[in-house]
Amino acid sequence: MIDLFIIKVGGNVIDNPALLQTFLEKFAAIPGKKILIHGGGKIATRIGDKLGIESKYVDGRRITDADTIDVVTMVYGGLVNKQLVAKLQANGCNAIGLTGADANIIPAVKRPVKEIDYGFVGDVYTEKLHIAPLQTLLEAGVTPVFAPLTHDGNGQILNTNADTIASSLAIALSAFYSVRLIYCFEKKGVLRDPNDDEAVINLINQEIYQQLLAEKVLSDGILPKLQNAFGAIGNGVKEVLIGHADDVLSNTTAKVAGTLIC
Ligand SMILES: Nc1ncnc2c1ncn2[C@@H]1O[C@H](COP(=O)(O)OP(=O)(O)O)[C@@H](O)[C@H]1O
Ligand SMILES: CC(=O)N[C@@H](CCC(=O)OP(=O)(O)O)C(=O)O
């Protein structure tokens, strides 16, 4: 099977112009087929603040009321997505910006209200992903760039965590490609001590994962990232890495920098 790189870049990188520029240059230089999924939570929060719309998170997921879905649709689907596409074009990468609603690629279900009402947050409808349009783009040498937005099939846009979109696409595309999923953020990998940026754990298996959870070394956004990483590796994805945005290119070769999930 042909290699396919699925790379997720988070909001802290997107919000740092120097880090973003380096990342995009290196992403553009990756040879072969690739897909980029971007976050942008930090930027949506900042623009929401300017508009007087407060951001609330529960377990790393944004509570997305009617005003907030408008903000994230504009910020993720417009501002961030189109700026990334333009910058990739400037780096010689023929990118196309998409949301999960485009070509019906990522249908989702509005998260049912239990103890928490997340509002317009979507859980990916994994069995209904439409992969064929993505294959057509990839075969044409075009690089899809996904905003963290999905849709419910009834005209409603939904807000979906970007780490989840990356793992869902990686799992679905593993039927056709040898998929390598790389989560890029502003740390060098999963850290044994969250206050020591050099304390990178090079390899995490289920046993080490459970130990780290028990030791409470993991918190905030690294929790959904690891959950999605293990979901991917257990469902056909060939390789999953978590590492620094600067190391994206080294992580596409045999020499790995960051945390390998196995
Ligand atoms: N053990 C750990 N190793 C790495 N990051 C950690 C750890 N514990 C907590 N974190 C936090 O998780 C964050 C990554 O999650 P998140 O901000 O959602 O990433 P992204 O920018 O990809 O969206 C890091 O910025 C860090 O603050
Ligand atoms: C439902 C939900 O929480 N969606 C996320 C989507 C953006 C995202 O995932 O951005 P980062 O990767 O930069 O964190 C949010 O609105 O924050």
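From the backbone N, Cα and C atoms, a Cβ is placed for every residue, glycine too.
Substrate is bound by Gly40, Gly41, Arg62 in TrEMBL, and the record lists one more residue there from Asn154, Asn159, Asn195, which is Asn159. Put simply, Gly41 (substrate binding site) is 13 Å from Lys8 (site 'Transition state stabilizer') when counted between their Cα atoms. For Lys8 (site 'Transition state stabilizer'), other Cβ atoms within 10 Å of its Cβ number 27. Across the structure, Lys225 (site 'Transition state stabilizer') and Gly40 (substrate binding site) are spaced 15 Å apart at their Cα atoms.
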